[in-house]
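Quick look at what Swiss-Prot annotates:
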- Gly8, Ala9, Gly10, His11, Ala12, Gly13: FAD binding site (BINDING)
- 269-283: NAD(+) binding site (BINDING)
Amino acid sequence: MYDIIVAGAGHAGCEAALAAARSGSSCLLISSDLTAVARMSCNPAIGGVAKGQITREIDALGGEMAKAIDATGIQFRMLNLSKGPAMHSPRAQADRTAYTEYMKRVLEAETNLDLLQDTVTGIEVRGGQFFGVELQSGRILRAGAAILTCGTFLNGLIHIGMNHFPGGRTIAEPPVTGLTESLVAAGFTTARLKTGTPPRVDRRSIDYSIVIEQKGDENPPPFSFSSGSIAGKEQISCFLTKTTHKTHEILRTGFDRSPLFSGKVQGVGPRYCPSIEDKIHRFTERDSHHIFLEPEGFHTNEMYVNGFSTSLPEDIQIAGLQSIPGMEEVKMIRPGYAIEYDYFHPSQIRRSLETKAVENLYFAGQINGTSGYEEAAAQGLMAGINASRKLKELPPIHLQRSDAYIGVLIDDLVTKETNEPYRMFTSSAEHRLILRHDNADLRLRKFGHTAGLVDDDTYRETLSKDDEIVRMTAFLRSKTIPTTALYNLLPAESNRPMTGGQKAASALKRPGITLNRLFAALPDFAKEARLISSNPLVHEQVEINLAYEGYLKRELLQTEKVARLESLILPETFNYHSVTGLSSEGREKLLHFRPETLGQASRIMGVSPSDISVLMVRLGR
């Protein structure tokens with residue numbers, strides 16, 4: 001008997017199984033196809049706005065995704081470099097096949113982890129507690145806990161034009177049947193969501209004299225804090241083009257055969273990743289939409305047509321593609337399609353990702369209504385950590401909104417109405433100046449170490465880095481930069497300092513002043529500073545912390561206020577009916593979501609500040 005069974009080996013399942021095994025639990029990972037683990041069923045990329053931050057957080061906690069993309073990436077870019085550091089987001093194109101092969105090797109090398117090719121079609125529950133899983137082969141396997149990471153496989157239905165086929169991820173992969181019904185019988189409620197993917201085309205059929213080349217960054221930072229430099233790594237270009245008025249006219253001729261407009265698709269699709277037909281229908285004033293041509297690997301001719309997600313008939317798809325500049329002779333290898341699938345509203349899970357209806361049963365990934373590889377991987381990681389800790393009778397690890405984007409993600413899931421596929425944005429995080437990609441290790445290594453996923457040496461390195469930041473900051477506050485040196489460093493039109501010089505910490509708040517420039521101008525100063533730390537990553541942290549010092553102090557004060565509400569626990573059996581003074585809507589929402597803390601309750605739409613005040617009085621605070 002295993003401690004933990006993980007059903008599904010996508011991005012959530014892989015991280016869940018690795019986290020469980022690395023934290024000391026025996027784990028079995030079950031997949032319908034073990035050659036397709038961590039498959040990138042949609043875009044061949046990791047990271048991007050907010051998603052890059054999540055990927056680095058996964059790494060800081062001891063997960064695998066960042067290492068995988070560093071090893072298999074084919075193009076690396078830092079997005080939003082023209083904006084402040086809170087908005088900088090790493091993104092990488094992946095070699096889709098190599099990524100799966102890398103993750104398969106990692107899974108097979110893990111000591112406490114076994115793999116099984118089969119399909120989970122049901123669960124057994126005894127006395128409100130998880131007991132075992134039922135397999136398609138007829139076997140029943142017992143375990144202490146289970147994590148369901150089913151992706152889009154639950155009663156999956158694929159749509160291409162007016163045709164539809166049962167499919168879990170592609171037409172070639174069958175859906176999972178029986179598991180939804182088993183969960184409903186155990187007390188869960190389910191609904192349908194929809195997502196889609198663009199066609200893939202043969203990159204040899206693209207006219208590269210017309211499309212715009214997009215190269216990767218020359219010296220990109222790695223995703224993983226443990227990877228070392230990836231500068232000099234071979235990269236491959238992406239390409240940019242756009243739809244035309246003719247494209248839109250062609251696609252409109254297929255609207256009468258679109259499952260989206262005919263009502264065949266009942267599931268709600270992702271608001272922020274609409275299909276091309278939806279974009280044309282909703283934004284009639286737009287003459288064109290950007291199309292990004294993204295290679296799927298070094299050793300394949302398949303190209304992903306980002307921005308052209310569609311479920312229109314195949315003849316309309318190919319005609320539309322061939323109306324796009326640079327794609328007049330394009331050959332379509334695989335058509336785009338939409339897929340409907342079952343999910344379970346995340347109001348049915350706790351912050352630990354354990355379900356409320358069945359003890360020791362956890363949900364992670366698209367089963368909770370999210371979209372995106374990174375969001376799924378983050379949930380899998382936390383579910384694996386917390387399932388393992390639950391079996392050891394240890395408290396769950398809860399990341400707060402001020403700790404990580406992962407904390408924002410999980411908090412949003414358990415407090416908001418998730419009626420469409422949820423994806424993370426930087427705007428979702430009110431503390432995004434604190435939650436930067438560059439400081440994920442400083443924020444989260446302690447949690448990974450507590451969970452048993454970050455070893456002692458790595459944790460000591462992080463503590464040493466943090467100490468160097470503190471000592472370097474103190475040094476810069478104590479050292480005065482001579483006025484003449486500052487004059488030479490500042491642009492002529494800038495405000496000149498008063499006589500007497502300026503502390504180095506204050507000078508670094510001026511535009512254009514960096515530690516490297518100060519080091520170049522003042523060799524003795526540089527020598528003294530480098531005795532404290534010669535680590536450029538330490539220098540980067542010091543510069544950011546000083547430049548945004550006032551803003552960071554305000555954010556930290558705000559997090560302290562929120563922390564007081566987070567410390568007030570609401571028992572799961574709390575009797576809201578007995579609390580006089582609650583609004584009727586507030587009581588209804590509190591009964592539906594059953595928040596675990598007063599802070600969580602305060603973020604539920606429909607729960608007013610006066611409702612929170614009433615609860616504080618009831619709790620005796």
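Counting starts with 1 at the first residue shown.
Cβ from N, Cα, C; glycine included.
Keep in mind the model is a prediction, meaning the values are calculated, not measured.
Overlay of Swiss-Prot feature records on the structure.
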residue	record	Cβ contacts under 8 Å, 6 or more apart
Ala9	FAD binding site	Ala17, Leu29, Ile30, Ser31, Leu34, Ala36, Val37, Ala38, Leu107, Leu115, Thr149
Gly10	FAD binding site	Val37, Ala38, Arg39, Thr149, Gly151, Gly365, Ala376
Ala12	FAD binding site	Thr149, Gly151, Ala364, Gly365, Gln366, Ala376, Ala377, Gln379, Gly380, Ala383
Gly269	NAD(+) binding site	Leu193, Lys194, Thr195, Gly196, Leu260, Ser275, Asp278, Ala338, Glu420, Pro421
Arg271	NAD(+) binding site	Glu420, Pro421
Cys273	NAD(+) binding site	Thr195, Ser309, Ser371, Pro421, Arg423
Glu277	NAD(+) binding site	Leu251, Gly254, Phe255, Ser258, Leu260, Phe261, Thr310, Ser311, Leu312
His281	NAD(+) binding site	Phe255, Phe261
Phe283	NAD(+) binding site	His289
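Taking the C-alpha positions, the distance from Gly8 (FAD binding site) to Lys279 (NAD(+) binding site) comes to 32 Å.
For Lys279 (NAD(+) binding site), applying a Cβ distance below 8 Å and a minimum sequence separation of six or more within one chain yields Arg286, His289. Within the same chain, the residues at least 6 positions away from Gly13 (FAD binding site) whose Cβ sits under 8 Å from its Cβ are Val6, Ala7, Leu29, Ser31, Val37, Ile147, Thr149, Ala364, Gly365, Gly380, listed in sequence order.
Each of the binding-site residues Gly8, His11, Ser275 was assessed for Cβ neighbours inside 10 Å, and the highest tally belongs to His11.
Compute the center of the Cβ atoms of Gly8, Ala9, Gly10, His11, Ala12, Gly13, which mark the site for FAD; besides them, the chain residues with Cβ within 8 Å of that center are Val6, Cys14, Glu15, Ala16, Ser31, Val37, Ala38, Thr149, Gly151, Ala364, Gly365, Ala376, Gly380.
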